[in-house]
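According to TrEMBL, the features are:
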ACT_SITE  Asp15  active site
ACT_SITE  Glu75  active site
ACT_SITE  Asp150  active site
BINDING   Asp15, Asp150  Mg(2+) 1 binding site
BINDING   Glu75  Mg(2+) 2 binding site
DOMAIN    199-448  domain 'ABC transporter'
DOMAIN    465-690  domain 'ABC transporter'
Amino acid sequence: MIKKSNTEKIILGIDPGTNVMGYGVIRIIGNKAELVVMGVIDMRKESDPYLRLGKIFDRVTGIIDSYLPDEMAIEAPFFGKNVQSMLKLGRAQGVAIAAAIHHSVPIHEYAPLKIKMAITGQGQASKEQVAGMLQRLLHIQQDEMPKFMDATDALGAAYCHFLQMNRPETDAKHYSSWKDFATKNQSRIKKIREMQKIISIKNGVTRMPEWRMAEPVNFEACDGEHIAIVGPNGGGKSMFVDIIVGRHPLLMHDPDYDFSPSQKTMVSDNIKYITFRDTYGGDNDRTYFLQQRWNQLEIDENTPIVKDKLEEAYQMAGEDTPERRALQQHIYELFHMQHLMDKYTILLSSGELRKFKLASTLFSEPRVLIMDNPFIGLDAETRDQLKELLKTLSSERALQIILVLSKSDDIPDFITHVVEVKDMKVLPKVTLAEYLAGRESVPAHVLSPELEQAIVDQPYSDREYHTQEVVKMNKVRIQYGERIILNDLDWTVMNGERWALSGQNGAGKSTLLSLVCADNPQSYACDITLFDNPRGSGESIWDIKKHIGYVSPELHRSYQRDLPAIRIVASGLMDSVGLYVKPKEEDMDKCRFWMKVFGLEGLEDRGFLKLSSGEQRLVLLARAFVKDPELLILDEPLHGLDNRNRRLVKDVIEAFCRRQNKTMIMVTHYKEELPACIDHSIFLLRHTND
C-alpha cells in the first residue's frame, strides 16, 4: 500500500480495453506530477468474455487497494460504427467504473480527443506522440517505457485530469461566472479589459534544449489584439507557436493565461491551433499513399463523408444548444459548405479541406484561434470569404486570432499587431502600420547569375525523349458517384509550352494533373495520350513518370518518414516516395547541386520531418528538378514559402524553362506567382451537376 502525506494527491488513469486494459498512477505534490506506476491488464489468454470482465474488476480493485487513488480518470469510448465492438468496450469501461465506485473513488471521464489535446496540443496526435510527450513531462527513462501503449494512454488520462484540476482561478475572489463578476464590478470592467493579458510569456526558455529559441522569449497577447506571426522559412515560427500553446515546458515560469470571459480552464480548450499543410486524411495517418486520393477501390461504406465528420466534430466540441446550432449553420452558409456535405473527405480539394478543418475547429468556440498559413490552397473568392469570416468573428465574439504567415502579403486588415520571428529570435511586437512601414522589399532577382547559368548549362540526360504532343485529351470525363469533376475536356499540351492551370476550388485541377501523372486509374477509361502513348496501350505508370518532375500537396503529404533531406531529393531520380536503391555518386552530385540552387546547403543530412514546412517544400522542389524532366508539373509549388524563397523559386523555374524541349504545367491561385515564361493558360470552372 502506498503511503502519502496530506498534501499529496494520487490520480489513477484507465484506458479501457477488452484484450488489454492500461492503467497509470501519478502522484501530485503541489503543482507537480510524478509517475508512480503504469502497466496493463492482459486478458488475451481468457477466451470467456465474462471471465475477462471479472479479471478487470479484480485487478482494478487491487490497484486501488495498493495505491489509494483520490480520483480516477478514464478514457471515454471513441465513436465507432461497429456496434458489437462498442458494446464490449462499454462493458469493460463499466466494470472499471464499478470497481472505483465500490471503493468510493470519484470518477472523471475524458474523450480521447480532449486527452490528446491536453498532452500534445493536437487532437489527432498518434499514440507514439502522446507517449513521447508524457515521457518528457514525467521524466520517464527509456527503459521504463512500457511495451503496450495502452499504459501510456491510461497515463495520459491521469495527466489530463491533473491539468484540468491544476489550472488556477483567473480571479482571487470567487465569482460564479464572468457575467457575475461584470454585474458586480461595472465601474472596473473597462479598465480590466484594457489590461487583460490573455497570453504572457516572460523570459521563456524551454527545458529541452532541442526546442529552444536563440534568445529567451518575451511575448504578450492582450485582449482586443489580433496578431500575425511572420518571418522567413526555418526562422522559428512553428517553435514559437509551440511555446505559446504550452507544448514545451519552460524553465522557471510557464506561460500565464487569462482566458476570461471563457468558462473553460484548460489551455487546450481555449487555444486551438490548426495547420494548413495540404493534408488529406488524418494529420498523423502514416498509411496515406500518393495515389490514395484517386483510388476509388479504397472507398467503402466506412469511408467518412464531410457531413458525418463535421457533425462528429460539433458533438465533440460541446453541448447541443440552439445557440451552437445557429453558429454551426452560420459557418456552413459563410463557407458555402452545403455542396460538400455528401463528399468523401479524402476527395476534398486542397481549398475544400481548409474550409472543412476551420469549420470543425470553430465549433468549439475557442478563446484564441491560431492558424498556420490558412490562405494557402484557396482561390481569391474563398480567401476573401475567409478573411471576412475571421473579421466578423473577431469583432462579434471574444476571440483572439493569431495567424502564422509565410507570405506577409496575406496579412488581413483586421490584424492589429505583427510579431516577426527570424534567426530563431522573437522580435518585439509592433503595430501592423509599423510593420508595413518598415518591411523590407524582396529583390527583383534572388537566384545568383552563376547558378542561373549553371541551370541552363546542365548536361542533358542520355534518356532524353521528345514528342510533339506531350499531353492530348479528348472528351475526358471524370466522375465519382454522381459528382462530375471533369466533363468532356479537350486539352493538348505541345512540346516546349508552359501552361498556367487555374480555377476555382473543387474545379478539378488536381484531378486533371493526376491523369497526366498516371496516378488516377480512371485514365484507362479515357481517351488520353501521354508522350505518344495512349493510356491502356501497355505502358506502365513508371514509363510515364520517368519523363515527369512533379511536386504537389499530395506528394508533400506522402512523405511521413524522417529521411535525410538529400535522400528525399534523390528519390526523384527513382520516381519513388522514399529511396530504396542506392544512387550513384554522380547522381548524388546532382542532388547536391539542386539543394544548393534552392538554398538548402547544410541541410543535406537533416531529417525531413525536422525541417520547417517551407524547407520541406524546397526539398520537394529540388526533387522535382533533379532528373532534368521533359515535363515539369508544379501544383501550388510556392505554398508555405516566404517572400524571398517565392522569388527564388520563380527565378529557378524561368532559368529551367530556358532549356530546350522543356514543357511545364503550373497550378496556382495567385496570378503574381506565375513566372514570366508562361505562354498558355487554362481555367477550370467547378461543375455544378445541374
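The backbone N, Cα and C atoms fix where each Cβ goes, and this holds for glycine too.
Asp15 (active site) sits 5 Å from Glu75 (active site), taking the CA atoms of both as reference points.
Taking a C-beta cut-off of under 8 angstroms and a sequence separation of 6 or more, Glu75 (active site) has the following same-chain neighbours: Gly13, Ile14, Asp15, Pro16, Glu109, Tyr110, Ala111, Pro112, Ile115, Asp153, Ala154, Gly156, Ala157.
Counting every protein chain shown, the number of other Cβ atoms lying within 10 Å of the Cβ of Asp150 (active site) is 26. Taking all protein chains in view, 27 other C-beta atoms sit within 10 angstroms of the C-beta of Asp15 (active site). Averaged across the domain 'ABC transporter' (199-448), pLDDT in this predicted model comes to 83.
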